[in-house]
Each structure stands twice: as C-alpha cells, then as structure tokens.
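A.B. asks: Quick one: structure below, then a few questions.
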Amino acid sequence: MKSSNNNLPIDKGWAWVIVIGGFFNTFLMVGIAKSFGLLVEEFIRTFEVSTAMATMVISVSGIVYAFCAPLCIVLGEHFTARRVVMLGGLIALIGISISSLLISMTFVICFMGVGFGIGNSAVYGNSLVMVGQYFRKRRTLANGITVAGASIGQFTLPPLIQFLVDTYSLSGTLLILSAIYFNVTVCGSLFRPTSFYLQKSHNIQKSSTNNVLAEEVQNEVSDPLISNSLNAIKKDVKLRALMASTGSIMLEEEIEIEDSNDINQDEKDNSSRTSSTKCFCQKIFDFSVLVRPIIMFYVIIAFLSFFGYFNFILFLPLHVISKGITKYDKALLISICGVGDLIGRLGSGYFGDLNLIARYKIKAIAVIFVGIVILLFLVADNFTFLAVLSALYGFFGGVYINYIAIVLIDFVGLKIFPKALALVLLLQGSGAAAGQPFLGWIRDVTGSFEVVIIICGVLPIIGGILLLCYPLIKKRDKQTHLDMT
C-alpha cells in the first residue's frame with residue numbers, strides 16, 4: 001500500500017467499527033421485515049380487514065425500497081453514507097411511530113409502509129458501501145460478518161416481537177419497533193467517511209502534494225470497474241451497493257475487479273461528479289438490456305423464484321396457526337428459518353469456491369428444493385415436522401439468495417452487470433411486493449392457505465427447472481450479442 005494511504009485504516013482499526021455498524025443495520029432491517037407475518041394477524045384483528053389489505057404494509061414498503069434504494073446510493077455518494085443512513089432512520093422512526101396511532105389500516109399502510117421502505121433504502125446499500133470502502137484484503141470476511149446480521153436478526157427478533165404484541169398490544173409494539181429501528185442512526189453515525197482521513201493529511205501537507213495523495217488514496221480504497229463500464233460507477237463498492245438493493249441479501253460473494261485504467265483527474269471536479277451522477281440515474285434502470293435473451297431469461301427466473309420464496313415466509317405464521325401451533329412456537333419457526341439461512345449462506349459460499357459444479361446449477365437445485373420444501377408444509381401437522389421444514393427452507397433459501405448476483409455475473413459479464421442487476425432487482429422486488437396482496441386475496445377467497453402455499457411452492461420449482469435450461473439460451477444469446485455488436 002502506498003505511503004499516502006498510511007492514515008486510512010484499511011482492514012484495521014475503525015474499519016471494524018464500520019462492520020459492527022453494518023451488522024446491526026442488517027440485523028434490524030431484515031429481522032423486522034421477515035417478522036412482519038407476526039403483525040399481519042394483529043392488523044386483521046384490530047381493523048377487521050382482509051388478509052390482502054393487511055399485507056399491503058409490507059407490499060408498499062417493498063415497492064418503495066425497490067425504487068428508492070439505487071437513488072439512496074447516489075445520495076450517499078454525494079452527501080456521505082453517514083448522513084443518508086441517519087436521515088433514513090429518522091424518516092422510518094417518524095413513519096412507524098405515527099402509524100402506532102392505528103387510525104385506520106390505510107393510515108398504517110401510508111406511514112409505516114412508506115417510512116419503513118425509505119429507511120431500508122437508505123440503510124442497507126450504504127452500509128455495504130462503507131464496508132467496501134474500508135476493506136481490501138479482508139473484504140470477504142467483512143461482508144460476511146455484515147450480512148450475517150440479516151440471518152441473526154431473523155433468528156432473534158420474531159420471539160421479541162411476539163412478546164411485545166402480547167405485552168403492549170399492537171400500538172405499543174409499533175411504537176417500540178420504531179424506537180428499536182431508530183438505532184440504525186446510531187450505527188450510521190459510525191460511518192466515518194474516508195475523507196475524514198484525507199482531511200488530516202491535507203492539514204499536514206502542502207495543498208498541491210495532498211491533491212495527488214488524495215487521488216492515490218481513492219484509487220487504493222476500492223478498485224474501479226472495467227474501463228468501459230458506466231462512468232458513474234467508479235468503484236466496486238457501488239457494484240456491491242447495487243447488489244444490496246433487494247432485499248435479497250446477497251453480498252456474501254466477493255467480487256474483485258482489478259483497475260484497468262487510471263481515473264481521470266477531470267472526474268474529480270464537482271461539475272464532472274454531477275454529470276456522472278446524472279448518467280448513473282439515467283442508466284440505473286436501463287430496459288434496453290432486455291434485448292439480450294439471457295437477461296430476459298434471468299429476469300423471468302428471478303421473478304418466479306423470489307415471488308414464491310419471499311412471500312411464503314410472510315404467510316407462514318398465519319398458516320401454522322391453523323395447525324394448532326401456539327403464538328410463540330410460530331415465532332420460533334421463523335427463528336429456525338434464520339438459523340438455516342445463515343448456514344446455507346456460509347456453506348454455499350465455501351462450496352461454490354471449490355468449482356466442483358457450475359454455480360448456476362447450484363442455484364437451480366437450491367431453488368427447486370425451496371419449492372419442494374414449501375409444498376411439504378401442506379402435509380406437516382406437528383411442530384417437529386414444521387421445524388425441520390423451516391430449517392430446510394432457510395438453508396436452501398440462503399443458498400439461493402447467495403447466488404443471485406454471482407450467477408448473473410457468470411451469465412452477462414461485468415460490463416453490463418450493474419444495469420442488468422438493477423433491472424433484475426427492480427422486477428423481482430416489485431413482483432414480490434405485488435404478490436403479498438394478491439396471495440392475501442386468494443386466502444380471503446378460498447378461506448385457506450393451501451392455494452397460497454401451492455403457488456409459492458410451484459413457482460420456484462418452475463424457476464429452477466428453467467435455470468437448468470441455460471445452455472440452450474446461451475447459444476441464442478451469443479448470436480444476438482454478435483448481431484448487436
């Protein structure tokens with residue numbers, strides 16, 4: 001590392017404080033989101049609304065998240081991740097706490113749904129950006145610890161939320177949850193920008209020399225994307241941030257991208273930064289990439305797989321109640337899913353590095369088993385069976401989520417990966433959000449969750465089978481790509 005980088009705590013010191021902040025941010029965000037099914041029953045009882053209406057809160061939150069997450073990444077680049085994360089936590093606090101007034105279901109949807117969605121948009125992507133900026137040699141470990149907060153949050157928070165509902169009612173629970181979530185601002189305050197260390201260097205050295213050193217430090221902090229990629233995406237940490245825009249928590253896989261060209265000094269000007277940001281905003285959702293058959297193919301698979309996988313856990317608490325499971329046992333089942341999820345993520349990351357089997361095949365098999373396990377919930381009639389299925393659902397789901405981004409890189413390469421990934425995350429996230437009221441409506445019409453479970457189980461199986469057909473699509477995609485170039 002160059003001498004200009006001596007003041008920057010790369011892989012040491014404050015870098016690990018950043019990891020702690022990121023860990024608790026993912027802990028709170030994902031833990032609350034995946035525990036939301038516990039609140040649906042309370043919304044139905046309190047407002048006497050349909051299941052479809054009760055699930056609109058998390059649906060609206062998901063839509064807001066899908067559209068706002070990339071924007072918050074850009075804002076974090078301009079105004080620092082610390083400010084954006086802290087502002088997002090404040091907005092979520094206001095939205096969730098006001099919703100605790102429980103004026104109406106529509107009132108809760110507007111305030112909690114929008115507030116929670118904006119908060120998550122600001123928090124998650126920028127947390128991973130900061131981790132990427134502070135680590136080089138130990139990035140894989142740092143990212144792994146950060147995203148592990150999601151699995152541990154899913155394990156820890158469901159029993160707590162059930163206890164809060166029983167003790168303080170729905171209104172008190174929402175108020176307490178808003179305060180708990182507000183801790184993301186504390187974690188965000190730990191996100192000291194790297195410019196803090198550059199400023200120290202500036203105060204010691206001459207201005208002309210420091211300009212050169214600052215440029216070197218920025219090049220050391222993170223490797224830029226290949227030379228022909230979007231000008232706005234200058235660092236691989238932005239690539240990670242795009243991968244974080246789903247909910248889907250998928251940054252365990254480390255992507256090392258070597259620097260192929262020096263960053264022009266002109267790009268450091270404020271005017272150039274503004275121009276590149278406009279370019280980023282204009283191209284973040286570039287639907288023109290859909291002309292590539294492989295991208296359309298992957299988008300369809302992502303929609304089918306995530307629709308079934310994510311929506312199922314939201315309806316799981318309501319389903320098991322009909323099986324005679326107690327309130328705390330249903331919360332425990334979600335916690336068991338979290339344990340399986342953590343094991344699946346860590347294990348699949350290690351296994352994938354062995355290169356014993358193509359990674360798209362690993363993902364396809366995992367997605368198929370997710371669907372099969374979901375369907376088995378139809379015949380599970382006791383807690384032990386349900387617990388085993390919950391662990392398997394979490395395990396195969398963790399493997400599946402772990403490979404969403406990395407398989408897309410294998411398919412399309414790094415050059416168009418950011419645009420392709422942003423589109424995949426947008427459509428799969430929007431599909432999952434729209435699926436909640438749709439599946440809730442089916443539950444209301446049929447009077448049971450059997451059809452809901454069948455839909456959630458069959459769609460991932462179809463997605464996994466389609467993914468195994470990749471070699472057939474690959475040939476057509478190559479021809480289309482040649483015609484385009």
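Cβ coordinates are placed from backbone N, Cα and C, and glycine is handled just like the others.
As annotated in TrEMBL:
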type	residues	note
TRANSMEM	14-40	transmembrane segment
TRANSMEM	52-76	transmembrane segment
TRANSMEM	88-119	transmembrane segment
TRANSMEM	140-161	transmembrane segment
TRANSMEM	167-191	transmembrane segment
DOMAIN	294-485	domain 'Major facilitator superfamily (MFS) profile'
TRANSMEM	295-319	transmembrane segment
TRANSMEM	331-352	transmembrane segment
TRANSMEM	364-380	transmembrane segment
TRANSMEM	386-408	transmembrane segment
TRANSMEM	420-439	transmembrane segment
TRANSMEM	451-473	transmembrane segment
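Show me how these features fit into the shown structure, please.
C.D. replies: Remote same-chain partners of the transmembrane segment (140-161), defined as residues 6 or more beyond its termini with a Cβ less than 8 Å from a stretch Cβ, comprise 15-16, 19, 22-32, 34-35, 38-39, 127-128, 131-132, 134, 173, 177, 240, 249-252, 254, 328, 331-332, 334-339, 341-342, 345-346, 349, 394, 398.
Remote same-chain partners of the transmembrane segment (364-380), defined as residues 6 or more beyond its termini with a Cβ less than 8 Å from a stretch Cβ, comprise 305, 308-309, 312, 316, 319, 323, 344, 348, 386, 389, 392-393, 396-397, 399-400, 403, 450, 453-454, 456-465, 467-468.
Here the transmembrane segment (451-473) has long-range neighbours at 293-294, 297, 300-305, 307-309, 311-312, 315, 319, 360-361, 363-368, 370-375, 377-378, 400, 411, 439, 442-443, meaning same-chain residues at least 6 beyond its ends whose C-beta is under 8 angstroms from one of its own.
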A.B. asks: Between the stretches 14-40, 88-119, 167-191, 295-319, which one has more Cβ pairs under 8 Å with the transmembrane segment (420-439) than any other?
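C.D. replies: Stretch with maximum Cβ contacts: 295-319.
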A.B. asks: In terms of Cβ proximity under 8 Å, which residues at least six beyond the ends of the transmembrane segment (386-408) contact it?
C.D. replies: 151, 154, 243, 246, 248-253, 255, 298, 302, 305, 309, 312-313, 316, 320, 323, 325, 332-334, 336-345, 347-349, 352, 359-360, 362-363, 366-367, 369-370, 373-374, 376-377, 380, 417, 420-421, 424, 460
A.B. asks: Is the transmembrane segment (331-352) packed against any residues at least 6 beyond its ends, judged by a Cβ distance under 8 Å, and which are they?
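C.D. replies: Distal contacts: 34-35, 37-38, 144, 147-148, 150-156, 158-159, 161-162, 252-253, 313, 316-317, 320, 325, 359, 362, 366, 386-387, 390-399, 401-403, 406.
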A.B. asks: Taking a Cβ cut-off under 8 Å, which residues six or more beyond the ends of the transmembrane segment (14-40) line up next to it in the same chain?
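C.D. replies: Contacts of the transmembrane segment (14-40) (Cβ under 8 Å, skipping residues fewer than 6 from its ends): 51, 54-55, 57-58, 61, 85, 116, 119-120, 123-124, 127-128, 130-131, 134-135, 142, 145-154, 156-158, 161-162, 165, 170, 173, 177, 180-181, 183-184, 187-188, 190-192, 247, 249, 313-318, 330-331, 334, 337-338.
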A.B. asks: Sort out the residues at least 6 away from either end of the transmembrane segment (295-319), same chain, that have Cβ-Cβ distances under 8 Å to it, and list them.
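C.D. replies: Distal contacts: 34, 36-38, 40-41, 51, 55, 58, 247-248, 289, 330-331, 333-334, 337, 367, 370-371, 374, 377, 390, 393, 397, 400-401, 404, 407-408, 411-412, 420, 423-424, 427-429, 431-432, 435-436, 439-440, 443, 449, 452-453, 455-460, 462-464, 466-467, 470, 473, 477.
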